[in-house]
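To start, the structure itself, in structure tokens.
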Amino acid sequence: MPLKRGLSNATLTLLVSFATMAMVSFQPLLSIGALLAALVSIAAAVNPRKALILTVLYIPIEPFIVSWFSLSLSDLMRIIPELLLSAVLAGTILSKFREGRVNGIPDTLLLSVIMFAIVISLYNNIGLIDMVMGGRLFFRFALVYFIVRLLPDTTGLYGRLLNLLTKLLYFEVVLGLMQFLSKAVFGPAPWNTFGDNLIMAGSTFGVQGTLGRYDQYGMFLAIIAILSLSRYFIQNEAKFLPILAALAGILLSTSRQALIVLVIGAIVVSLAARGKQALQKKGKIVTFSILLACTVGAVFLLLTPSGDSRGFVTSERNPLEQITTLFDANTYSTTKENNFRLFYITNVGEQLLKRDPLGLGLNTFGSAQTVADNKTLYYKYGITDQYFLKFVADVNWISILGQIGIIGSLLFLGFLLSIAFQSLYRAKKATTDEQAILIAAAALVICFIVAGFLGPNFEIRSNSFYLWLIMGLAAKISISMRTTSAKNTPI
């Protein structure tokens, strides 16, 4: 009787058990974590589609989870999405799907940005670790873009993801409301104010849900609202409730940039969807909702003229301040004291163009991880105030300009715009489901171009992940439509 090749299941189980015991006896937490990471990575590689959905679910709740662990352990846990996505990419490559080659202008521009960033970093003698860390911050979710492009079948994926995100939206809004009530009754506590959002401990508003900060919470809701609005304007059966829920959550968060992004996204979606049957039917509902919101806001302002009668201090962040400061001239001042972001854009940006037009390399200027190491560099550009050094990474476009220069910045901007224009062009001849994705992609891209001046939104995973995901879906649809058109064109 011939011998069986390989090891039996029992032998494999024993070997894994002995290896696990040895690892645990050496370093319990790290070993268990490494084993779990390996198992999850294998599972992700075997089923990339489900792993991608798991990542969608994990990213919004990650800040709340890691806030309960030590700093060293929480830093390790923050790389889970990257591990998952790397495994998913491996799985899609191993599936032998051959349509994932470089295809079209967006792919070419994105790869050009990455290659240029590496070349500039090598030119500036940036170490490998710094280069990897800088690349992880800027292009970590470019993985998502290529993963979606490589997946052999994305039919129904967007609908499933959006349904999941809508459920997350409702959960986050309800949780934000509970945090608001909890802060009003009990004050700040670990369940309503944690992590970086301790800056909002003195305000009844400024809630964060499970996200890291009030502004991340607001941006997360704004992104889902734009996706939902695109589907609402395109598909007859879609509901308006997710958009209203997101607006309520954004007001609770007091995030100005989230409000700006939502308004810009709504304008882009409305213009792109004009003429669609669903939009024509629902235009009255949208108009009525906007008028109702304005009326309620005006009545609220008239009936509560003072901070004392509202039960919270008006000098702290609140929805009224969130809206009224958008019309305050000081908000758009270029002095450090009034608006440090505009100060960086108008002063530091100009100096970067003059002194280092090609960039300083990855993980240098504007990198949140190397602020302490680059103080001498910041002093050269007039950023000497210790308070403002904490916010030096808060303007993404200046960070990008500082690290990969004007050429890299233009390439990256070109990549984003190519996705937006390609999506709008293809949406004219796409199916209803495809139109919802393409229009949402164009709206998100334009919103993020603006949001890059308002905060580090390209680097915050709970924001950028969904941008790259939708861009990948839009690029895949555009490539598929172009391929189909070429096949149907007579020679």
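Glycine is no exception: its Cβ is also placed from the backbone N, Cα and C atoms.
What TrEMBL says about a protein is an automatic prediction, not a curated fact.
Remember, predicted model here, so these are calculated numbers, not experimental data.
Annotation comment: TrEMBL describes 243-413 as domain 'O-antigen ligase-related'. The transmembrane segment annotation in TrEMBL covers 12-39, 51-73, 109-126, 132-152, 218-234, 240-273, 285-303, 397-424, 436-454, 460-479.
Within its own chain, the transmembrane segment (397-424) has Cβ neighbours under 8 Å at 104-106, 109-110, 112-113, 116-117, 120, 134, 138, 272, 344-345, 348-349, 352-353, 356-367, 438-439, 441-442, 445-446, 448-449, 452-453, 456, 458-459, 471, 474-475, 478, counting only residues six or more beyond its boundaries. Within the chain carrying the transmembrane segment (460-479), a Cβ under 8 angstroms from the stretch's Cβ atoms is held by residues 55-56, 59-60, 62-63, 81, 99, 103-104, 106-107, 140-149, 151, 154, 157-158, 161, 165, 211-212, 216, 219-220, 223-224, 227, 419, 422-423, 426, 430, 434, 437-438, 440-442, 444-445, 448, 451, all 6 or more beyond its ends. Remark: the transmembrane segment (132-152) contacts the transmembrane segment (109-126), by the rule of 3 or more CB pairs under 8 A.
Looking at the domain 'O-antigen ligase-related' (243-413) alone, the prediction's average pLDDT is 75.
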